[in-house]
Each structure stands twice: as structure tokens, then as C-alpha cells.
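Engineer: Sharing a structure below in C-alpha cells format, with a few things to ask.
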Amino acid sequence: PFPLYQPLAKSRPKPPPRFRPSISQVKWALIGLNTAVFGGWQMAKAHERSGPKTGLPRFMIDNFLLKPGDLSRHRWWTLLTCAFSHITMGHFLFNLVSFNTFANILSYHPLLHGGHLLSLYVGAALMGSFGFLASTMNDPFRQRKSALGASGAVMGVSSTVACLFPWARVYLFGIVPVPMVLLTAGYFLIDSAGMKDPTSTTGHAAHLGGLAFGLMYYFFRIRFIR
């Protein structure tokens, strides 16, 4: 005889499918947020030329720059908002073009969706921010320092993609073909060396923090997806 629970299990209705945004949808939403904040900085710079740092310039500085004293002042949101923040066009374009490239490669994985990209971006951004704060702990000039940019988040996406598709080729400066695994290793070496340069204004610790999160996200989350 069949177990009594079997017919009951068969008659149980299937749950409705959950909506899962695609990687492309989340990618463009994140690019849109970065673009909006970049526009805010351009407006703030225009306001700043005509007077002191009040109004919009002060709002952008307070809410979209990560500063060593932000947590003690309860401005915890800057840990994340700084990762959508770019002031110069070069910084903005380099990060967003790189992010677009890596997200496009990530979309080739048949089992990943936009939720994975969002988790990866946010997690890498936060770990990058904590990396920056940790790097300023013993700096006598720490109160003069600040961090912004999507670089930590982009590094996280880069390292995850390098684990999934190590030999996928990207074109450095649009010219030189480089496998993802070598590109990411190069980022790691450059930032590791930069950590030893006290005069550097680049957020090397934030980059390495984001890269580390991307590796952890692959080894503890993505590789178990079936």
C-alpha cells in the first residue's frame, strides 16, 4: 500500500513563482543610482563656486563621503552611500564601465539573478568601507581623510567573476585582451603595493576589502548554487 501522505502531497498547490530581477535590470538600476549621485555632485560643485559649503554641497559631503568620524556621529549610512558617489568624470566612467563589463560576464551564469548581483555589490561596498576605516585607525591625519567611489564594489564583482569565469577575456583600455583571473590578480598586487605608500590618495584598503568579499561570496554562496 502507498503511504497516506503521498496523495496529499500531490494535491498540494505549487507556490507561485517569485519575481527575480535579472542581472541586467539590477545592473542598470545600480548604474542609474551612481549617475544620479554623480549629478548631485556636479550641482553641488556649481553651488560651491558661488559661496561657502552650505546647502547642497554640505548635504553631499555629509551623506555621500565616508569619513573616519561618521560612525561616532551616527552617520552609518555613509558606509554604503559612498559606494555610489563619484565627483570626477574620470573616476565615474572608469568604475561604471568596469562594473558594466563584469556584470555582463556574470550574467552568463545560468543560475544567477539580479539578487546575487545586488548582494555582491552591497556586501563588497560595505567591506570596502570597513577596510578604509581600518586603514585609518593609526593615521595621525585620519580626520582629514575621506573615501568615495564604487571601486570596492566593482572589485568584489571582479573577483567573483574571476572565480566563475577565470579565462573570460576583457579588454584593458579597450585594446589589450586580459583574462579575468590575471586582471584581478593584477588589481590585488597593485593595491597591496599601494598600501605601503603613505602618500597615495587611492583607497587601496577599500579595494582589497571589496575583493575579499567577492572571493568569500563565491566560495561560501555562489559555488553551492545548483
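Any Cβ shown, glycine's included, is placed from N, Cα and C.
Grabbed the feature section from TrEMBL, which reads as follows:
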- 74-222: domain 'Peptidase S54 rhomboid' (DOMAIN)
- 76-97: transmembrane segment (TRANSMEM)
- 117-135: transmembrane segment (TRANSMEM)
- 147-167: transmembrane segment (TRANSMEM)
- 173-190: transmembrane segment (TRANSMEM)
- 202-220: transmembrane segment (TRANSMEM)
Engineer: For the domain 'Peptidase S54 rhomboid' (74-222), what's the model's average pLDDT?
Structural biologist: 93
Engineer: Go ahead and report the DSSP secondary structure tallies for the domain 'Peptidase S54 rhomboid' (74-222): helix first, then strand, then coil.
Structural biologist: 97 helix, 9 strand, 43 coil
